[in-house]
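> Encoded as structure tokens, here's the structure I'll be asking about.
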Amino acid sequence: MESLKGPLTFFFPGDCYEEVVVNYNIFDGQCLKLFNSRLLSLGIILGSVLGIPVFGLISMTENHKRLQQLQRVRTETPHVINRVRTETPHSVKNSPIIRGRVSCLPVKVPQILKCVKAGSVENLSYLATFLELAAATFTCAYNHHKGFAFSSWGESFFIAIQVVVLLALMFVYDKQTVYLLVFLPCFAGVILYLVSGLATPNALSMLQTSVIPMMLLSRLSQIVTTFKNGATGQLSLITCTMNWLGTGARIFTTLQETQDPIILATFTSSFLMNTIILAQFACYPALPPKPAKKES
């Protein structure tokens, strides 16, 4: 039993180890909530690392199907070829998924693999990518300062690493290596400042609070784009559902483990915006509607 104490204390922290493992009170309500919270947190973190290739493959499969649908539209309805060429590619090119403005699943490995395979970072947004890196970095720094368990924010750590890799690719493929050599030490300096104790608690709280408008702007961009295009385009229902479930689970884990109002507000607002994005799948088709035939 002693050899299992480490893993067991992760799932049953504090007095729960004594209550559940030693006293066999497995029906203790508070300890069961903590156990479920830690289990969800572990799943979210593993999903941000191990689940990336799986969901990336699913997303690419869905995109391939949509491209096939576009091809059928061009072949079967010659009278709308011009509309498809002028409107649909514009919608696809300006899709937040392609441009990097937002992403329903907060992981970057599929995007990294796509860039490496294509040898290009065309249509990726530096501003959006930097904002995502800032949000993940501020979240890590704030939670580290508060001393919260890694299980409650670990996915942000792995996301930050992935975004740094993506930014490096963007600089390299855009032949801006000089900027990469400037960015890396500057980012390392920011990290050192945030975690060394030099940053005041108020400053860290303000930075974490700034994550909320960053996220709202990102999600609102997605909602408006879908509304304007009248279609969900390359947006993946599966990845959006996973993101919705993930933020919902984080609300539960935050209530059980940290009760931090800023973190709770971040996940709650994200959950509400993700709910709107998910609801758009029921309101809009994957492709824009076909135009009505003109009467001859």
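We number each residue from 1, going along the chain as drawn.
Cβ atoms here come from the backbone N, Cα and C positions, even for glycine.
Straight out of TrEMBL:
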- 39-58: transmembrane segment (TRANSMEM)
- 124-144: transmembrane segment (TRANSMEM)
- 156-173: transmembrane segment (TRANSMEM)
- 178-199: transmembrane segment (TRANSMEM)
- 262-287: transmembrane segment (TRANSMEM)
> Looking only at residues six or more beyond either end of the transmembrane segment (178-199), which have a C-beta under 8 A from one in the stretch?
133, 137-138, 141, 144-145, 164, 167-168, 171-172, 207
> In the same chain, who gets a Cβ under 8 Å from the transmembrane segment (124-144) while lying at least 6 residues past its ends?
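Those are 99-103, 111, 115, 152-153, 156-157, 159-160, 163-164, 166-167, 170, 187, 190-191, 194-195, 199, 204-205, 207-208, 210-211, 214-215, 217-218, 258, 262-263, 266, in sequence order.
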